[in-house]
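For reference, the structure discussed in these notes is given below.
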Amino acid sequence: MAAPRNLTVDAGVRLSRDEESAAVAAKEDDSPTGKKPKFERFPLTRWELASAIGVFLIFSAGLFCIYSTMPSAEYGKLKLPRTVSDLRMLKDHLASYSNDYPAQFILGYCSTYIFMQTFMIPGTIFMSLLAGALFGVVKGLFLVVFNATAGACSCFFLSKLIGRPLVSWLWPEKLRFFQAEIAKRREKLLNYMLFLRVTPTLPNLFINLASPIVDIPFHVFFLATLLGLIPAAYITVRAGLALGDLKSVKDLYDFKTLFVLFLIGSLIIFPTILKRKRIYE
């Protein structure tokens, strides 16, 4: 009579071991180092990838056409700056060109800025500094805000087309947090979006890509971008007037500057906080 009992015990032990193995395997699959299916490693479908490449080629062809109609220049000296010293050299090369061909230069500048902003190419902050160095505060501020807003809107619609799987794959936790915050502030959404644009709470790249995914209306996105980028753009353009005193891009946003930006953002979002407090009371 002892044999059936032993068989039952052995079966129970084997069952518990199988459950533990399954739990370990599931844990490994969920971990960042665990193997992931192919579609998780590259979230875009063939159609989405083809659409992204097609849009990029169309923008690239337009940019090439604009460059080909511009007066000749020493293109060997022209490159996207990556440091402040590169920007100083580029400014010296472009100063006379922008004076001789102002309309063509502005067209090329705007096209390049919008292209970089649309496809999330790093370096737009150097383009903003360049605007201040070449055009002064008023004209430079207008150009930077216009180009940054146009590029952000292009990025918004590009993300609306193919961005959902990519953003969910790259920033799943940040996207869930952003969606929850948007859901809580639907009635005063413009104030909250202005706060995000004025302050460095969330990267502008993430805001551009995630906004259509969390159902932010385009008119709210447009107004918040147009108005919210003005303070930071003013700081950058004004710094472009004194490139010789600027050692690094990090010097643009010191403690004092960040404090001013957060103060402006707090004043913008204060009506939302006050309304929520009244609701709870």
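Note: Cβ is positioned from N, Cα and C throughout, glycine not excepted.
Model, not experiment: these values are computed from the prediction.
Feature annotations, courtesy of TrEMBL:
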type	residues	note
DOMAIN	121-240	domain 'VTT'
TRANSMEM	49-70	transmembrane segment
TRANSMEM	113-135	transmembrane segment
TRANSMEM	216-237	transmembrane segment
TRANSMEM	258-274	transmembrane segment
_Residues of the domain 'VTT' (121-240) by DSSP state, where helix covers H, G and I_ = 98 helix, 0 strand, 22 coil
*Taking the domain 'VTT' (121-240) alone, what is its mean pLDDT?*
93
